[in-house]
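Heads up, the thing below is written out as structure tokens.
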Amino acid sequence: MQYSSRFLELNIPDSFLNINKIPDATKFITVTYICLTATLFCIRRSLYNKLVLEDPNLDYNLITSPLLQMVPSQIWRYPTSLVLSNFIDTKAWKVVVNLLNLIIGGSFIERNWNSSKEMFKFIIVLGSLTNVLIIMLTLLVSFFSNKVRLDIPLDGNYTILIGFPIIYRQLLPETTIIHLKTPQFLAKNFRFKLLPIFVMFTMTVTQIIWFHHFAQLFSIWVTFFASWSYLRFFQKLAPLNCPSLPTTNSQGGQEILVGDASDTFQLIYFFPDLIKPILRPIFNFIYNVVVVKFKVIKPFHDIDIDIGNTIAESRGAKKIMTVEERRRQLALQVLEERMVNP
């Protein structure tokens, strides 16, 4: 789909908008999301209508259903909320965004992965494990700060809103979404590779300035790092799009690729150049501790990185060059120009 005006150009790949047949996992997750979100709305509205008669000043936002919503103080009585909260939302804007994300983005992702199992794992399993970690962090921080309230529900459904942009960046790295034409000083191509940090920046600023809900801020960033970590190190996919690639793992006689070892999918490249010098030593330290020292995660071999780079380049990602490689390329260009024009 393309749209052009004097102010901007909008370009979305046709494959991204192909929803003629919604894949099985995406269909199941979408239907479950609609049903549970509608159920939660009915439960809260019914409770509110009863309680408001006793207290006319009752705030509707304080009405909760701990069976579905992830309330830290009630989690021991209702552990089902760790899973069910992946399928609910209470804010209208988030319902609309997540439905579009699921129907359009989920269909695109599942077709590219060619695996309903991986879609279920990413949304439900990873989402639930992330919720467990978020609850643990929230309870821990509550011992040191009275600003963290344990009676307010945490949003357990950030995997779609935050995780999907990471996948879009992985599958469509250099594809331009919007090209601003005017004003000239703002003229810029907004590509899918910028979408994750744009979403994270927007949601972080919103929580800090307007909502002041710091437990939700934990949830946002934990979901971001958990989603990236799974895609980077643990996801298992058959290399259907690149059948000629060598693979180093097999499962049930089928060759598989584990994770995304490409240079462009390194965590540091998700962040702006301005803060990379600050973040690089921090990320390197964490990598050395987790991977090199304690071997919690299996490190990538050279062949894994080569395969990852080949797949990333086939998707349109630009090759990451070191300073030495850039200097060598520049020197070759200068030499060629001198040979052509002595």
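In case you wondered, yes, glycine gets a Cβ from its N, Cα and C as well.
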Open item on the list: Are PRO79 and ASP151 on matching sides of the membrane - judged by whether Swiss-Prot gives them the same topological domain name?
Closed with: no
TODO: For the transmembrane segment entry in Swiss-Prot, name the matching range from 160-180, 265-285.
DONE: 160-180
Open item on the list: Candidates are ASN114, ASN157; I want to know which one Swiss-Prot annotates as N-linked glycosylation site.
Closed with: ASN114
TODO: For ASN114 (N-linked glycosylation site), just count the other CB atoms lying within 10 A of its CB, please.
DONE: 12
- [ ] State the mean pLDDT for the topological domain 'Cytoplasmic' (1-21).
- [x] 64
Open item on the list: Below 8 Å between Cβ atoms, which of the listed ranges 122-142, 160-180, 208-228 makes the most pairs with the transmembrane segment (22-42)?
Closed with: 122-142
- [ ] With H, G and I counted as helix, E and B as strand and the rest as coil, say where DSSP puts ASN114 (N-linked glycosylation site).
- [x] coil
TODO: Write out how many residues of the topological domain 'Cytoplasmic' (143-159) are helix, how many strand and how many coil, based on DSSP.
DONE: 1 helix, 1 strand, 15 coil
